[in-house]
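Sequence annotations record features per position, and here Swiss-Prot assigns domain 'VHS' to 16-145. Sequence annotations record features per position, and here Swiss-Prot assigns domain 'UIM' to 162-181. Here Swiss-Prot flags 176-212, 372-612 as region 'Disordered'. According to Swiss-Prot, the compositional bias 'Polar residues' annotation covers 182-199, 413-423, 491-508, 597-612. Residues or ranges marked as domain 'SH3' in Swiss-Prot (evidence: sequence analysis): 215-274. The compositional bias 'Pro residues' annotation in Swiss-Prot covers 538-559, 566-578.
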Amino acid sequence: MFRAQQNAYDDIVAKATDENLTSENWEYILDVCDKVSADESGAKDAVASMIKRLAHRNANVQLYTFELANALSQNCGPKAHRELASKSFTDALLRLANDRNTHPQVKSKILEHMEQWTEMFSSNPDFGIMEHAYMKLKSQNPNIQPPSKPTKRQITELDRQKEEEELQMALALSIKEKQSETSKQQDGSSQHVVTTSAQAEAAPSQGIPSGTTAATVSRVRALYDFQPSEPGELQFRKGDIIAVLESVYKDWWKGSLRGQVGIFPLNYVEKLSDPTQEELQREAQMEAEVFAEIKNVEKLLALLSTSSPELNVQENEEITKLYHSTLAIRPKLIELIGKYSKKKDDFTQLNEKFIKARRDYEALLEASMTHPAQSHYNRPAQPPFAYPPSGTHPGYPHHAPPQQEPQRYYTPRPSQDPQSAPHNTPGYYGAEPSTLPYPPDSQSPDFRKHTATGSMQLPQQQPSQPPQDAYSQGATTHYPPKTTYDHPQELGTSVYDSPQGNAPQAIQHSYHPAMQQELQQQQATGAEPTQRPYSPQENPPPQAPSSNPPYPVQTPQEPPQQSFAPPAPMHQPPPIPSVAPSQGAYGGGYQAYQPPTTQQHSPTSNPAAFYR
């Protein structure tokens with residue numbers, strides 16, 4: 001009649017905080033959150049059920065209840081905030097924290113969650129009860145709260161030296177231990193080996209203070225939960241085992257936990273010594289006992305699956321005996337599951353790191369093989385230093401002699417000094433100077449000016465392309481429009497610089513009669529010459545005597561004899577095109593050239609034929 005009304009949330013809250021759970025079951029926790037959000041009075045009933053669970057004497061039930069309350073505060077809004085900040089719930093927290101039988105981990109978890117809820121409810125003054133309860137708990141239990149994080153200070157040289165000394169001492173002890181084990185194994189005294197190894201293992205822990213340097217500490221256990229406040233810090237919970245990597249700051253080390261790497265404060269952890277030989281033997285013995293019960297577990301399972309429903313289990317002694325024998329190994333089995341689960345995670349992380357390192361190495365190796373040193377294969381070809389042969393220009397066929405020397409086609413640029421071609425190269429006029437009397441350049445007449453008989457000045461024919469032979473000097477070369485001459489350089493001028501130093505000094509030159517008649521006829525008809533007159537100012541005097549041979553000497557008839565002996569030539573000697581070596585010098589009479597400006601006098605053959 002006076003029995004309290006059953007709470008609808010007792011079952012689902014008890015399911016989410018069951019003592020048999022190995023960890024928080026978030027599926028059950030979220031089911032409670034969904035039901036509270038859908039019910040108007042769900043937050044009040046759920047908090048009442050959690051107060052009952054806090055009175056449970058099992059520490060796991062109390063810890064799971066704190067996680068459920070924290071999930072309600074984050075997912076159910078102001079309705080859950082109001083019930084969590086109520087006097088009934090805060091009083092239940094204070095009673096549990098002040099109880100001397102409460103586990104220290106439960107007390108620290110109470111203080112941690114009350115701090116979070118105080119910050120969460122600070123914007124609403126109606127929820128000030130939680131803040132007052134938190135301040136009261138801190139004043140009554142100052143040792144519950146986790147220590148403050150130390151400042152990050154750089155490691156001094158003295159600290160580095162101390163770390164190195166501890167490392168050397170640990171290495172020396174390890175070497176001593178190995179030597180002791182080897183000597184005892186040779187003596188055959190197994191009992192003495194166990195005693196010596198145990199003492200050797202205990203020596204480093206006695207000689208090295210706990211938590212001094214990272215050189216001698218491989219693992220630490222978390223004493224408190226740590227929430228990172230800056231990038232690079234490692235998050236962990238109380239009880240986690242952290243692998244130590246190195247020391248970074250004065251009171252901060254770098255460690256690895258569940259695949260994450262970061263720094264953590266030393267006052268939040270405690271050093272874990274490496275297991276001794278005795279501890280390893282106890283672990284191996286415990287594993288052997290667990291695996292020895294496998295047959296009994298399988299036998300018990302077979303009996304229970306084949307028994308009839310009418311069978312009374314309590315009366316069956318075999319089933320009862322098997323059940324109690326297998327029940328004793330359950331705590332050991334859970335411990336081994338946790339141990340090998342941790343090892344499995346460590347091996348998985350190690351494998352992932354190895355795979356990543358191998359991929360990075362292969363990528364770098366492939367990149368170094370596919371990108372060799374810079375080569376010059378793809379560079380464009382450099383242009384030649386000589387001008388192309390005149391035969392490549394349209395309208396000027398080139399009669400190159402076979403097997404010419406490369407020097408014959410080289411023509412320096414105007415800014416370069418010309419190179420003299422060999423005087424006796426086959427294919428040049430005057431290759432045999434002993435058969436032709438060549439006058440020196442000082443005795444060569446200048447027929448470009450008007451003669452005494454009124455003959456007009458010979459126009460200067462300039463090549464349409466740079467000369468090929470060595471006749472060209474450093475003067476600027478002009479390029480007039482294309483003409484119909486095969487070898488226009490032969491008619492450029494009549495003055496040549498003879499390369500023969502022993503030629504006669506007083507030979508007189510004049511035009512051939514046919515040439516003179518042609519010039520007079522051109523002057524009478526008023527035809528305009530197609531070649532520009534020579535200007536001494538345009539071309540500087542040659543710097544070296546030219547190897548260009550002059551025209552063949554004929555008996556002077558008309559006009560009157562004229563001789564010129566200038567002190568030095570004031571013009572550029574014109575080069576002549578090459579002629580096939582099979583063609584010799586012309587031995588007949590001199591024939592005049594007819595300019596192409598008049599149609600009736602247009603040449604019908606190569607102009608070079610007049611000189612052969």
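Cβ from N, Cα, C; glycine included.
The DSSP breakdown of the domain 'SH3' (215-274), given as helix, strand and coil counts, is 3 helix, 30 strand, 27 coil. Break the domain 'VHS' (16-145) down by DSSP state and the numbers are 97 helix, 0 strand, 33 coil.
Mean pLDDT of the predicted structure over the domain 'UIM' (162-181): 70.
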